[in-house]
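Colleague: Sequence annotations record features per position, and here TrEMBL assigns transmembrane segment to A:12-37, A:78-99, A:111-134, A:146-165, A:186-211, A:246-265. Annotation comment: TrEMBL describes A:74-265 as domain 'ABC transmembrane type-1'.
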C-alpha cells in the first residue's frame with residue numbers, strides 16, 4: 001500500500017516537473033503563434049491575449065505571401081535541410097559502420113578525430129570556410145550550405161551511430177558474408193534497419209539546428225535566390241521599424257515543415273532514446 | 001579426398017597469440033567437433049575455416065583447394081551460429097533462399113531445394129513467417145535449414161545449441177545427428193559442452209590455449225587420454241587426480257581415476273574417507289569424499305545409494321582402469 005502511494009506521489013511529482021518544463025519550452029512558441037494572428041496594435045496592447053474577433057487579423061500572413069519571396073525561401077530551406085540530413089545520415093552511418101566493424105590501424109584515433117567536431121563549434125572556422133567557398137565559387141549556392149551543414153552534423157552522427165552499430169550482432173553480419181552479400185548490402189539491408197531508431201534520433205538532432213540556422217545563410221548564401229526562411233524573415237526586421245506581424249507570421253510558417261519532419265521521426269526517436277535504458 | 005585440411009594455422013591479435021600452429025585433416029563425411037574451455041581458440045579456428053577471419057599464417061584447404069584468399073561465400077561452406085543470425089526482414093523462406101539467390105540459381109531450383117530442406121526439418125508450416133514470430137528452437141531449425149539448402153561441402157556449427165534450453169538441446173542434438181546421417185555431409189562443430197562432443201562426434205579435437213591437446217574418437221579420448229588436460233576435460237564428473245606418492249606408487253607422478261571406477265564400501269577398501277557431500281540423481285549417485293593424504297575425490301555410483309555426510313567409508317580403485325601421468329602431465333603408456 002505504502003509503495004503504491006509513494007509511487008503515485010512520485011508519478012505526480014515527475015509529471016508536474018515535466019509539465020512545467022513543457023509549458024516553459026512552449027511559451028515562446030505560443031506567443032509567436034498567437035500574435036501572428038493579431039493586428040499590430042493588439043500585439044502591443046496585450047501580447048499574451050488570444051486573438052478574438054476584434055483583434056484577429058491575417059495581415060502578417062498577407063504581407064509575407066505578397067511581399068517576400070517566401071515560397072522560394074521555404075523551398076531553399078527544405079532543399080538545404082533535407083539534402084544535408086541525407087548526407088549526414090548516409091555518410092555518418094557509413095563512417096560509423098567502418099569504425100565499429102573493421103579492424104584497421106588508427107581506428108580508435110580516427111574515431112576520436114571524427115568525434116572531435118562535437119566539441120569544437122564549426123562557426124569558429126567561418127572565415128576560413130568563407131574563403132574556401134569564395135575560392136571554389138560556391139558562394140550563394142545551396143551546395144555551400146549543404147557542405148557546411150554536413151560537416152557540422154557528421155561528428156555527432158558518427159558518435160551516436162557507431163555506438164549503436166556495435167550492438168548489432170556480429171553473427172548476423174557474418175551470416176550475410178557467408179551467404180554472399182556484399183559489404184554494402186550487409187550495411188544497407190541488415191545493419192541500417194536495426195539502427196533505425198538511432199538514425200531517427202540523429203536526424204532530429206541534425207535537422208533542427210540546420211533549419212533554424214541564421215549564421216551560415218547570412219554569410220554564405222544571402223542572395224535572393226538562395227535565401228532560407230530564417231534569413232528571409234529578417235527582411236521585416238528593420239533598423240528603425242520592424243513589421244512584427246510579418247516577422248511572427250513568417251516564423252509561424254517556418255515551424256510547420258520542421259514539425260512535420262519531427263512527427264515523422266518522433267516515433268522512432270522515442271525508441272532510440274529509451275532503448276538501452278528500458279529493456 | 002580430405003574435406004578439410006589445416007596446415008600450421010597461426011593467429012595473432014596484436015601481440016597475443018590465439019592459435020599456435022594447428023594441423024588437422026577432416027575426411028569426407030566426418031563429424032568433427034572442436035571442444036575446449038572458453039578462450040581456447042576453437043571459435044577463432046572455425047572462423048578462419050569459414051573465411052570470416054584471416055589466418056596470420058598457415059593454409060586452409062577445403063576439398064583439396066587452398067582457400068586462404070577465397071571469400072566466405074565462395075568456399076562452399078555453410079555456417080550455423082549460436083545466436084541463429086536469421087535475417088529479421090526476410091521470411092523463413094527468404095532466409096533459406098537468400099544464398100542461392102545471391103549465387104544466381106534458377107528459381108525452380110531454389111524452390112526445390114528449399115522444399116527438400118524444409119520437409120527434412122519440418123519447417124513447412126513456418127515458411128511464410130518472419131524470425132520474430134518463431135520460438136528459439138524453431139529459429140535454430142531455420143538456421144540449420146538455411147545451411148542445408150546450400151548443399152555445402154562443409155557444414156560449420158558455432159555452438160548451435162548454447163542458446164537453447166535443456167530439453168530443446170537434446171532434441172536439436174538428435175536432429176543434427178540425423179541430418180549428418182541423411183546428408184552424409186562433412187561437419188565441423190564447435191562447442192564447450194563435452195556431452196555434445198561425446199554424443200555427436202566421429203572425431204573430437206580437444207583444444208586448450210590455442211593448441212590441439214588430442215584428436216581421437218570419443219571412446220579413444222575417454223579411455224586413452226594423452227594428458228591430464230584431456231583426462232580432466234572429457235568425462236563428468238571430472239577425473240580424480242591423486243598424488244601417486246600418497247598412494248605408494250612410484251612409477252608415476254599423478255594417478256587419474258574416473259569417478260565411475262571408484263567403488264565405495266562401508267566396511268573395507270584401499271583408502272578410508274569421510275563423506276563430504278552426496279548428490280542423488282536417481283540413476284546415479286555422486287559422492288564427494290575427503291582423505292587426509294590424497295585430499296578430495298569424487299565417486300560415481302550407479303543406482304540409488306545413501307551415505308550420510310561426515311560418515312566414514314572405504315574406497316577402492318579399479319586398477320585396470322586407472323591412468324598414470326608423469327611430472328609434465330603426459331600419460332604414461
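The backbone N, Cα and C atoms fix where each Cβ goes, glycine too.
Remember, predicted model here, so these are calculated numbers, not experimental data.
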Colleague: For the transmembrane segment (A:111-134), find every same-chain residue at least 6 residues outside the stretch whose CB is under 8 Å from a CB in it, and list them.
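Modeller: Counting only partners 6 or more residues beyond its ends, the transmembrane segment (A:111-134) has Cβ contacts under 8 Å with 95, 99, 144, 148, 151-152, 154-156, 158-159, 162, 215-216, 219-220.
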Colleague: Counting Cβ pairs under 8 Å to the transmembrane segment (A:146-165), which of A:12-37, A:78-99, A:186-211, A:246-265 comes out on top?
Modeller: A:78-99
Colleague: Who are the chain neighbours of the transmembrane segment (A:12-37) in space, where the CB to CB distance is under 8 Å and they lie at least 6 residues beyond its ends?
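Modeller: Same-chain contacts beyond the ends: 43, 47-51, 56-58, 60-61, 244-245, 248-249, 251-252, 255.
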